[in-house]
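Reviewing the structure listed below.
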Amino acid sequence: MPAPPPNWVKALKPSGPQGSELLQQERAQSNVDVERLSELLHTKETLERRASLLALLQPEKVFDKSQNHTLGRVERLQRSLAKAKRLQQLAEEHKWSMTELHAANDLIGEPTPYGLHASMFLVTLREQGTPEQHKLFLERAEKYEIIGCYAQTELGHGSNVRGLETTATWNSDDKTFTINSPTLTASKWWIGSLGRTANHAVVMAQLFIDGKNYGPHPFVVQVRDLETHQPLDNAYVGDIGPKFGYNTMDNGFLLFNNVKIPHVNMLARFCQVDKETNHYAKPAMPSLVFGTMTWVRANIVLDAGGVLARGVTIATRYCAVRRQFQDRDADPHAGETQVLNYKMVQVRLLPLLASMYALHFTGRGMMRLYEENQSRMKAASSPDQESRGAGPEQLRAGANLLADLHATSCGLKALASTTAGEGLEVCRRACGGHGYSSYSGIGPAYADYLPTLTWEGDNYMLTQQVARYLLKSARAVLAGKPAGNDTSQILQAYLDRRDKGASFDVLDEDKDIVAAFAWRTAHLTFEALKHRDAEQRSWNSLLVDFWRLSTAHSQYLMVKNFYEAVSSPQLSAALDPETKGLMHQLFRLFSLHTLEREAAEFFSSGAVTVRQITLTRTTAVLKLLDEIRPHAVRLVDAWAIPDWQLDSSLGRYDGKVYEDLFRRASEENPVNDLVFDPYPWNSALLKNEPAKSKL
Amino acid sequence: MPDFTDNLRPSQPDGPTTLARERRQSNIATEELGHHLLASDGFLERQARILPIIQQEPLFSKDQQQNLSRPERFKLGVARAKLLRRMRDTHRWSYLEYQMAEYLVDDVSPYFLHMEMFITTIREQASDEQQAYWLPLTKSWKIIGAYAQTELGHGSNVRGLELEARWDSRTKEFVLHSPTLTASKWWNGSLGRLANHAIVVAQLLLPDPGSPDIYVSHGPHPFIVQVRDMKTHQPLNGIVVGDIGPKYGYITMDNAYMLFDQFRFVTRLYPYCHVTHYIYRSLDYLSITPRYSGLFGLVCNSPVQGQVITLTRIYTKPEKPALIYGSLTYVRSNMVHRARLVLARAVTVAVRYSSVRRQFQDRDGDKKGPEMSVLDYPTVQIRILPLLATTYALHYTGLAMQTVYKNARQDIEKGNFNSLAHMHSMSSGLKSLCTILATDGIETCRRAMGGHGFGGGSGLIQVNNDYLSKPTVEGDNWMITQQVAAYLIKKMTAAAESPDTAGADETDARFKEFIRNKRCLGSEKRTYDILNSDLDVVKSFELRATAMAYDAYEQRVMKKQNWNSLLIQLHKLSRAQSESIIVATFFDALSNDKTLSTPIKSVLWDCFRLFALYSMENESFEFFRSNAVSQADLNALASRVQDLMARIRPHAVKLVDSWMVPDYLLDSALGRYDGRVYEDLFNRAHRLNPLNRITFNPNYWEDEIVKGSGDNGGGILSKL
């Protein structure tokens, strides 16, 4: 690393007012009780656990973050594995729970090559394995004696699991399965932890018995030698190469050339091939799998809030420290204006600030629904036995709470991850030039987050499921057989009032805002139903309508969840009245800003009038920006993201933005070790290294 | 090493088969369209000639560049840039040819600031004497220069710069000094590791003639300063300079920081005074309010000849304001023109891959055939096809800007300055909108490709990372839209003063007509027939922009609203105005064209409609509110957009083929011309990926990382 700068440089201070003073001023002008709000968001226990983990991790050299963005791909992955190993050693030493391991990983801030072993591999073995298989695979996996991954996606197939090409053929003679990749597109692809790390994989393959295809099923396959870590014969495995982000993960490819595995390697808790009769036994409880996906998606929604909070924290603090130009109408002798005072900056950042709260409360709401459903399912004597179709349209739209939740969860996953992903980029751009530096901390977080928009169901594909479900529900309502869930209620309410029309007072009544969002969703649902049923339009031609419908419905759910959270007695008990009032303002900003952006749908559905939209645009949103502005820094402080996790010069809690940018550039930047010969006709590249370019 | 994977083929129908069918189903002549778009200044011919020369050089192979560390990637960038410069001599390339070579290699050149800003600034702002000294040194690359304006604490606001240049009348030297940390130069390209000279913009401090101990600031001025030793390439004493570290993109550029500690110019090395007249770059930002447009100038004698500096402060208008505005417009029209090619790259990859990629079967189909090509999904179309139309819209906009620039120059030479303000406003708004369209468009294309779009084989990662700087350079997109709004408000104010007189220009006439119509409220409630008349589409965009300009005028001038509270509205106004210009130029280009064959013409008209109606749908409320379009027509927009996409869909592959982007430049497994997507992805992963040459030790209880190396993890930590 370059030598530290001379003393005259060390003595320099940023021009005043200092970032630290500006943030102090910001914090002084608001009464938000940061601590109480933090505890409401995260619980006291979580905050304390995080603090002790931080104290443990930060001093370890292996977790140093300073070179994350300068290393080459090969070195980065090596370092990432070193981090993963150390984390696991610490986990063992301190007997961490899964939650603690996750929290530690969050603090490290990047995916590691053990990631898919610790999550999907263990979860799949646990949920889909029999007790015998638990003994054989799970116990060893939990001790990391075998390291695994989850190999579903293929080179030619992602979201469409039924289109997978890898085959598992049952050999009745020697009671084995043959795993094979018939084509190049059958190659497993994108499989996290598989590229260089795992020696086992749960492989999803089309099960063939006696020439008949029974669809995709999970098989445990060993892919590398436990001693040499070299691929086994006829298994071809490797890392898929550099990516937009996620470069600390070894996403892998995998091909099989007729590899035989024993009968016991097909995960058999829900479905199995009978060794003696060669018969296939059907899935017993598919709804449980449904439940897992819902749980995963609820987590994605919750995480989306956290991820967005990172970007908003950085951008808000930096925009409070950064000053640019004088206000055109202000006293010309005043200093430059903090950019956070510009309406153009506020309108980009503050609605995102509101969104991160909306996402958080929505995630919490989903989680609660999931838990209620789990207990209800456990209580029910005969769970829904219907086999899984392509989506909930095939399910009974009766009182099936799971269907309501499932439709809810996939639409919200799409909206939440898109909001967070795009929001991060908005935050990065709002930071101006310095946002482009890796030291901003936003760019790298954005690049690592982007896959979430695709995995667990591509955001655009998922919206079809929501539409199917809404159409089904609408048909039931029209047939006079509405289910007793919220979706049916809003559809019914719309039908009841359709002739009279809506007259929601969205500018003054919070609950009318929720009603207006419900109205718009219901309106779009019946429009789509008309296209599909009365006009008999093709499914494909309606995909764009469905996507809009799903977005509308998910926005409604966020608005509703946000409203319920801010009106809840728990929130009133946890916060002082002023902060509680601010939560209501955030709710209004989130809702009205959304309403204003989607103005056409609100207007054409008759949910609101043109005048109301104009007033929202020119008055209401601006007023909310003014009201929330003084509290912006405290509202991000309440998210309590440690500096070490943010890893951002711009977003530091203490506001020492410029000192930190300069320190990193001058002292942590290996490019400054290179002294170039700048002249084209001298072939030597460097003056301080032998003339040999390393390519 | 041969293995069983060598015999595997992708499942059928494979990429080549699919693309061949795509190309058969369209009657568009790609040669003709490509020629129409790119041949006028010899671009296509140059591309064809220079491409094989570039591809022969191993140094320009793109195979490994994504795997390199920042220092290594930067070294590769420098090595390539040096070679390119030598090749320019060997092949006797013209500057255009040299630019083509750079374009194909597709690195941001670490010498960019030397070749562009450094030379241009000397040429435009140095005195004749200074030019005679510096230009030959610069052109022959005997010195390597950079341009250092932006500071750690100040970007767009040039007046806020903190670096000081104090004139020491005793020693006849300038003293450069950074009083604070935020005064550090920052982001200055080519300076971090390469340049040995820089144009440094600093606050000029001169002694007050009355009391020589007191220094007075005369605002920011440019100075030429040597910053590194010509032999050792180390920074001179009193200067700290280096690279600012890793960034989102621009990995091959050494953006710099630089600080001065009472650094004195040694006049011996500098025979001429280095104070020149004016920093033209800053005009853009300063011109937000008229009070800034009175400019500082300083007349000085050569310190060598006279040893005096004449302390005459002259407030002048810039000598040639027209040229200043003009060159900005020129730069921006180039940005728009470049934007279309960058977007065309992204759309090429997205269209080809989405044709080859298949996913799910049609729900209403027989479920027997292959899965559907994802480009047949309207949810994919609506992300990609409007962008395909956008590439063409940007093309004609760029051309129109060049024409406006040429005409304005002619006017100016005749002493007519009337078109200036209009041109400046137009170029501000268009730069903002077009670079945003391209930037967001690249990312939309990347995401529309699902998982593989995230992979290095997409070919859209470096271009995305590099291009993302565009919305902030040459005027932050959010900042410069204020200028458009300010101009329109001014025009509306003038129109409102005498609405019944004849319009002085097109805008004025339109504004006056609007005001007259507004007066007799209700007399004319006619909306435009956007579904049946292309001309009405253009009119509706104009009306929406005019109505929004009137709103802004009403808020600011009549109701005296605070400027800051209007910024959001003004930003929207700028967008509306710029969209209106793009739509109108697209319309004019197609209406006036007499050369294109019928099939091409008709699909381009569909592209025009798609671009316009898709943009309209996104902001339909504004069209409704301004009475430009009826509610019924707006309700019909969604299905009209879908119909247009269905009509363009069969031609999509040929429409991107016509941009003639070579595979070498695309560097994309997904976007290959021949459609061998999966073979290429596998080849990159399996054969080109250096990670696969390393075997890891996966056991967490062993610190060793590379199997058999016994490194105990130490090798990894030593990199810190």
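Glycine is no exception: its Cβ is also placed from the backbone N, Cα and C atoms.
Quick look at what TrEMBL annotates:
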- A:Glu456: active site, proton acceptor (ACT_SITE)
- A:Thr153, A:Gly192: FAD binding site (BINDING)
- A:33-147: domain 'Acyl-coenzyme A oxidase N-terminal' (DOMAIN)
- A:149-259: domain 'Acyl-CoA oxidase/dehydrogenase middle' (DOMAIN)
- A:290-471: domain 'Acyl-CoA oxidase C-alpha1' (DOMAIN)
- A:511-674: domain 'Acyl-CoA oxidase C-terminal' (DOMAIN)
- A:1-21: region 'Disordered' (REGION)
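There are 28 other CB atoms within 10 A of the CB of A:Gly192 (FAD binding site), with all protein chains counted. Long-range contacts of the region 'Disordered' (A:1-21) within its own chain (CB-CB distance under 8 A, at least 6 residues past either end) are made by residues 321, 335, 652, 654-659, 666-670, 672-673. Per DSSP, the domain 'Acyl-coenzyme A oxidase N-terminal' (A:33-147) is made up of 85 helix, 0 strand, 30 coil. Taking DSSP states H, G and I as helix and E and B as strand, the region 'Disordered' (A:1-21) has 7 helix, 0 strand, 14 coil. Sequence-distant contacts of A:Thr153 (FAD binding site), defined as residues of its own chain at least six apart whose C-beta falls under 8 angstroms from its C-beta, comprise A:Lys188, A:Trp189, A:Trp190, A:Ile191. Mean pLDDT of the predicted structure over the domain 'Acyl-CoA oxidase C-alpha1' (A:290-471): 80.
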